[in-house]
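Peer 1: So TrEMBL has the following annotated:
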DOMAIN    15-164  domain 'F5/8 type C'
DOMAIN    170-351  domain 'Laminin G'
DOMAIN    358-536  domain 'Laminin G'
DOMAIN    538-575  domain 'EGF-like'
DOMAIN    574-626  domain 'Fibrinogen C-terminal'
DOMAIN    783-948  domain 'Laminin G'
DISULFID  CYS921-CYS948  disulfide bond
DOMAIN    949-987  domain 'EGF-like'
Amino acid sequence: MQRGSCSNTSSFSFTDSCDGSLASGLPAASFQSSSHFSESRAANFAKLNRRDGGGGWSPLLTDRSPWLQLDLRARMEVTAVATQGRHGSHDWISSYTLLYSDSGSVWKQYRNEDRVARLVGNMNSDSAVYHKLSQPIRTRFLKFVPLEWNPSGRIGLRIDVYGCAYKSYVADFDGRSSLLYRFNQKSMSTVKDVISLRFKSRQTEGVLLHGEGQRGDYITLELHRGRLALHLNLDDTRVRSSSGRMVVTLGSLLDDQHWHSVLIERFNKQVNFTLDRHTQHFRTKGDGDSLEVDYELSFGGIPLPGKPGTFLRRNFHGCVENLYYNGVNVIDLAKRRKPQIYTVGNVTFSCSEPQLVAVTFLSSSSSFLSFPAPALSPDGLSVRLQFRTWNPDGLLLSSRLASDPEQHYLLLHISSGRLRLTHHTSDLKTLEVSIGQRVNDGLWHSVSLSTRGLQIIMTLDNEPASTIQLEDYLEPRDSYYFGGCPVSQNGSGCMNTVMAFQGCMRLILINNQPVDFMHIQQGIVGSWNQIEFDICGIQDRCLPNFCENGGRCSQTWSSFYCDCAGTGYSGATCHNSIYEASCEAYRLAGSTSGYFSVDPDGSGPLGPIQVYCNMTEDKVWTVVHHNSSDPVRVQGSTPEKPHKAHFDYGASPDQLRALVSQSEYCQQTLTYQCRRSRLFNTWDGAPLSWWLERGGERRTYWGGLLPGVQHCACSLAENCIDMNFFCNCDADRESWENDTGLLSYKDDLPVSGVVIGDTNRVRSEAVFSVGPLQCSGDKSLWNAASFYDEASYLLFPASQMELSFDISFYFKTGSPSGVFVENVGSRDFIRVELSSPSVATFSFDAGYGPTVLNVKSPVPLNDRQWHWVRAERNVKEASLQVDQLPLRFLEPPAHTHIRLQLNNQLFVGGTASRQRGFLGCMRALNVNGVTFDLDERAKATPGVSSGCAGHCSSSAGVCHNRGRCVEKSTGYVCDCTHSAYGGPSCKEEVSVSFERGSSVTYTFQEPFSVIQNRTAQVSSSSSAYSKSRDNMALSFLTTQSPAMLLTVNTFTQQYVAVILARNDGCHEAIDF
């Protein structure tokens, strides 16, 4: 939806030719409404810019569900709508929704980005506001439903609709018919196909298209459980083999009696399958590139050869329009009775409109619809209805019984996905029966209740009936309540022990008489609350699936949920990796050496990798093992038939590339021992052996060298055994030689394979092995930039932020405020900033005004210490976290757009307006798993410098147990010299084993001045002791007692001793 400018005239400018006014010339009968305030404010006065009558339409003040309806007299293509208030009044609408229908009885909500569009209306009575629709609507009827209006007035509306005529070729299939398009030759073989059509259906099953060949090729497009499935097999060489078969599904709830567009485009193996603007790209399996179909294509069903009127699968029941097969208008040929088309059964060329009118129950607490119970018929009680829902619980029907209205009642409800009938006869006696499984699957289900003598009979769909045996005849007392009960149940005669029903109902019959929803809506009979009439508002919130990284989607009527178990990710949409990005990050978190899962791209598309983190004193090594670490002996290989070895690291090339790219340094040992096995010693210099880089490309430089040099390490060290060659093995000696080396060019690592081609001569052999990939450092952790000019900023290309994104970084500053990150589109924006010395703010606009999320810190954030910020936005929620403070969540308003529309670059450290820029340092900026190179970009940007001074200001809490933080150029190290602990963070215990009679003595070094003044110290020892304080801590494990654990002696013969006594207790002895 795009909002245009306001104008006082009826002339609007559009960029295409389908822009004519469709409402201005319509007769008065084309305008209808739910009610009108007076004859002068009737619906026929609602034409844009008209001032006759009362100047527009206004409904009754008592109208609970007002609407204005327009009949275009034929199906038209609608591209825009416009609204005005009632002329010269205080009456206008400020927001509304748009419904459309072919029949005027079954309606569909106009949606934008898979959500019901909430269109912005007027701000006064006479300025017109138009909306050009993001996607045209092809319809005959339009309905404007006011949502909000001027609080100082009431509803007032004038409208116009813009578009053009819509040409359509329609065929109606009755579920027992089909069209056959017969080829001019026996078989049609194509490498390119384009098939397009639009359909609407009232059934969940049915074949739309089918063609097959005798050699095994086939194509089938069908509805299955309300979803559209495309079956495709091109594998001619394997008749009916499963190797080439493909099944791809799109959509759901397609039995909604509304039009859906389908486009299938195939070129060789590549297929684009589109349903209602959602496209799935895939490649077919198998070896075949062409689709070979014999004789004919069938539409609407699969006729059984030789048996007219008999079909292999369930036929399509509904309408198809504008059906094109490779440029051929199939329906046009059928209408003109061309010989290429053969009709099976009854196919008509106008679309029938069944009156399957539904109502939607909106609220799980207050929705209900009541209808007076008619007199009991001689055949007994009978209630039938159809429902569809996602909720596992909800009331379908409640009725008190005349035999004892206070205690006797009948409930039909959904409980844990099963249909349950409860007959309550007293406080102590309840009769129940359950039927069905997962009736909350979103599909239509038919349920029937009837009495036969002293039995209640319940049936669900086509399942066997279930019964309850009665003690007395049933007779409803006053009313039937569908979906729920009134909020105030006093005197209502409604009983409900479960939550109200959220979903759709239709075809409600009581004693075989249909319930008239229009009469209920108009208040003629019954009552209702929180109901939408003439529409089924069900939506599949799991399609498209917004759960990322393999998360499993489940849903209720109003929301969806992601089960992230076993995915390695967490969060509302399984967006956030639960693993650290590197071994270096695990070290900073206090971990010791061991096996870990690392996720180098975090929330990006790549999954985690299993590695070993070796936390050494000087650096952290990430070790990735492969499947063949043992030495391999090779004999009998030739250049024509070389020995080939491939290595599996348990990760994809992209995962390995991400890990290596993020590391500061990587290496891998290639060990090669040879006897009469050459590497490069050939007449033309062609290599006899080589290794493969991570992408499978051949590399001929050996260990210790860099790309482009076809040598070995001995040539660089100038110690090859024969200086006429650049490798030891090229000397071709019968003795065992060695050309082992270290590969360290990151762009080629890890080694994915080795090829050996010269071990087929007498006494010729080779032994090789490839060590694990070893990497150290994490370039992202200390990739930093300093901002010292408020007008400066760094620019980066915008990442994919439409559906979900996360931004994380560290900062330190002395300024009270400043913008960290900003991206502003034509309408939407995102911004992360320090809004005050102790408040970090994440704000964004998804189309309906800013959403703001604040985190207030108990300590100032401008204290020149490092602080961590992470902001995330997805389709379910937004979140903001600062340091280790509690995570703040905020659910965006329901009517905001799903996709953020950001088409500009990402501003880091400032804004496009060059105001409120950040002053300070930022590092480790990561957006959707991608680390931005602040350091490199800062080198070419005025007002910004590379790096940050003072790493240790962030790390005082990382060096534990009195460890000292030492600055490095790209980080820091912990000096544990004066700590009782060791390791990278001074957290690892330093232990020693004592044999009987052994001990360790540590002599404290005293300054010379202390020794010189020993006498003075002795004289004041008592007072000094009272002012001094010593802490001692130790851990021990022993089987001996008694045992001396610790003694501390002074030069004045004072001591402290810790002793393990015989009774397994510790004693402390102190002598002054």
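Yeah, the Cβs are placed from backbone N, Cα and C, and that goes for glycine too.
Since this is a predicted model, take the numbers as computed values, not measurements.
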Peer 1: What three-state secondary structure does DSSP assign to CYS948 (disulfide bond)?
Peer 2: coil
Peer 1: For a quick check of packing: other C-beta atoms within 10 Å of the C-beta of CYS921 (disulfide bond), how many?
Peer 2: 25
Peer 1: Average pLDDT across the domain 'EGF-like' (538-575)?
Peer 2: 94
Peer 1: Which residues of the chain, 6 or more past the ends of the domain 'EGF-like' (538-575), have a CB below 8 A from one of its CBs?
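Peer 2: The answer is 114, 251-253, 278, 360, 364, 388-392, 442, 502-504, 597, 599, 603, 605, 607-608, 803-804, 806, 872, 874-877.
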Peer 1: Can you count the other CB atoms that lie within 10 A of the CB of CYS948 (disulfide bond)?
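Peer 2: Its Cβ shell of radius 10 Å holds 23 other Cβ atoms.
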Peer 1: Please spell out the DSSP helix, strand and coil residue counts for the domain 'EGF-like' (538-575).
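Peer 2: Looking at the domain 'EGF-like' (538-575) with DSSP, the answer is 0 helix, 10 strand, 28 coil.
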Peer 1: Under the DSSP assignment, what numbers of helix, strand and coil residues are found in the domain 'F5/8 type C' (15-164)?
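Peer 2: Helix/strand/coil tally for the domain 'F5/8 type C' (15-164): 9 helix, 72 strand, 69 coil.
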Peer 1: If contact means at least 3 Cβ pairs within less than 8 Å, sequence distance 6 or more, would you call the domain 'Laminin G' (783-948) and the domain 'Laminin G' (170-351) in contact?
Peer 2: no
